[in-house]
Amino acid sequence: MTIYNFSAGPAVLPKKVLETAQSELLNYRGSGMSVMELSHRSSLFDEIICSAESLLRELMEIPDNYKVLFLQGGASLQFSMVPLNLAQGKKALYVDTGAWSKKAISVAKAISTLDVEVIASSEDKSYNYIPELPQTVDQAAAYVHITTNNTIEGTAYSTIPNFGKVPVVADMSSNILANDYQVTDFGLIYAGAQKNIGPAGLTVVIIREDLLNQTAIFAPMLDYALQVKSNSMYNTPPTYSIYMAKLVFEWLKDQGGIPSIFEKNKEKAKILYDAIEKSELFKSPVRSDSRSLTNIPFVTGNVELDKAFNQAALAEGFQNLKGHRSVGGMRASLYNAFPLEGVRAFVTFMEKFESEQGGK
Ligand SMILES: *Cc1c(COP(=O)(O)O)cnc(C)c1O
């Protein structure tokens, strides 16, 4: 049976990437060692991390005045690093669009010296839309933090806001490399790798040079400027995850890069949204102008029926469809590596399930 993995993260990886990793697992480039066993200071690993960076720069068209960091601690550590580095003595502004942004806000608020303000929220409607943002914000603020794609609620910004001199900081964990974003619309982008980049353990940070902190941070590991100075090797970086990310970037380039993968993602999402619209059984809880391409929640409105659907889906090889515990129902995550034929097979299954309900 073919398994289609709809997991929100850690998520499906391209089969081709896994095959390459398998073929190189025991003996990387004739070294007689696995990448896992290489020194992070070796020339073989240096080539891996350098090509990972240059491939990412090429894919996202990252300008020279932005630095790329390969860190650890997940997106969650960035909830602390961003305010600690960027908001020294300045106000930090946040948009509250779901569970992850809420967490980012509470972590920032826990830093006692910090002045945090939430400038817009969609909590009033269980985060089922992207709220309208103020036209202007305090120009002395350090940044406006947004979550480009809300993994749990299934919403995404259709356009990236502009606040003049105040940079936009984005948690892009669940749709980095899936949309054709302009890096120059952001001051800082961060993403945990396990959704659209590679295995867990790696966090990518892209930061505009002028935002690098001038004063050292009390904890060196949390200091962007020091991490930049050390080329992400202040300590041992997550070497194998960086190697896997490099293979994923190569695969993305082979797919035609971001413009082409973005078109494919739109096609995949459209097939599923169309099936939900057509259905009389399934509904999308998300307002139509705010829908995500990568994370698509849907419900029947009946908890027992949701459960029956999830069970029947599992039996057919459609894995990890259960919605987040805070939302319920189902959630299909259609990241870059999720195949088009998997979406087609799945909507056929949805139709079959619905027609069988009619007979009961
Ligand atoms: C998954 C996720 C996180 C948490 O990521 P970790 O790497 O587990 O810390 C944060 N923000 C968003 C938008 C996510 O999807």
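Numbering starts at 1 and runs along the chain as displayed.
Cβ from N, Cα, C; glycine included.
Binding of pyridoxal 5'-phosphate is attributed by TrEMBL to Ala75, Ser76, Trp100, Thr151, Asp171, Asn235, Thr236, and within the candidate set Gln135, Gln194, Gln214, Gln255 the record adds Gln194 to that site. For the recorded site, Arg41 (L-glutamate binding site), the DSSP three-state label reads coil. The two recorded residues, Gln194 (pyridoxal 5'-phosphate binding site) and Arg41 (L-glutamate binding site), show a Cα separation of 25 Å. Ligand 1 lies under 6 Å from the Cβ of the following binding-site residues, listed in sequence order from Trp100, Asn235, Thr236: Trp100. In the three-state DSSP scheme, Asp171 (pyridoxal 5'-phosphate binding site) falls into the strand class. Of Ala75, Ser76, Thr151, Lys195, Asn235, all annotated as recorded positions, the residue with the shortest Cα distance to Arg41 (L-glutamate binding site) is Asn235.
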